[in-house]
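Quick look at what TrEMBL annotates:
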- 1-20: signal peptide (SIGNAL)
- 60-214: domain 'Palmitoyltransferase DHHC' (DOMAIN)
- 89-113: transmembrane segment (TRANSMEM)
- 182-205: transmembrane segment (TRANSMEM)
- 269-290: region 'Disordered' (REGION)
Amino acid sequence: MLINLQLVMLTWSYFMVVFRDPGSVPANWKMLSDQNVEEDNSTAIPSSSEDTERRPAIGYCNRCQNGKPPRCHHCSVCKRCVLKMDHHCIWVVNCVGACNYKFFLLFVLYTFLETLMDTLVLLPSFISFFQQVKNSSSSPGKLAVTFLAFGNFHYNNHHCIIMLNFPFSSMSCFLQNPYLDAVVNLAFALSLLCFVVMHASLLLSNTTSVEVHEKRKDVRWKYDLGWKNNIEQVFGTKKMLWFFPLFSKEDLERVPALHGLDFPTRSDIEEKGKEKEKEKEKEKKKEIDL
């Protein structure tokens, strides 16, 4: 039952990441603050370093002939700019960007859990096979050749009968060999585990695979809002929907990062925190005066 449920979630996430557009830049895109920036430039007043850090970097793509929002990159495979581009994934034949990054993470997670579950189910048979072959084999070399040859193994009267079918002769031996399936699933699960850990670290720091090379090691990433806020920037604020490949209407309206055009920075969060502290102090003063 659990394996079937994971398979359904895996398939659902896969189709969502394949068919959902990762995020395209609107034609003739301009940021709302561009006019204010142009007016500030015309006055020749030097801006402070704090202002330049708060102001998102606005670029221009010569190949698309359009503006580039913050965290946007041009994909050489798709031949277009992708909002908050992470990478172009050949397994889903699509770019991974702001609008489908959650679906991609869920697809990787459920694929890892599915392969891990398959490995655990096949593990007892795998151990039993090696115990019986070890007792019947005369040398470790024959055991290695037997396994590498993709053999079909049949047990009759507690004796191991080995029928060699080399991989280039038939694919049926691969499908009928649960012991080889266990090894393949285990190897695939381990490789996916590394992928899950890598993207989990990127998620918690609000970073993409492309931006890893842009971050300065000695300076905290300006989009790092804290692990909780970073997760909400990708999965939304509704925790009940975090493990489902969909978003609530409220999140789509209240979390602009899900659309890939506007992203809050750490300085913005700090300013909001200071404003809340000032409001609390004012309320305390009012209570004292009363």
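Using N, Cα and C of the backbone, Cβ positions are placed for all residues, glycine too.
Listed by sequence, the residues of this chain that lie at least six past the ends of the transmembrane segment (182-205) yet keep a Cβ under 8 A from its Cβ atoms are 86, 105, 108-109, 111-112, 115-116, 118-119, 122-123, 125-126, 212, 221, 224, 227, 230-231, 234. In the predicted structure, the domain 'Palmitoyltransferase DHHC' (60-214) carries a mean pLDDT of 78.
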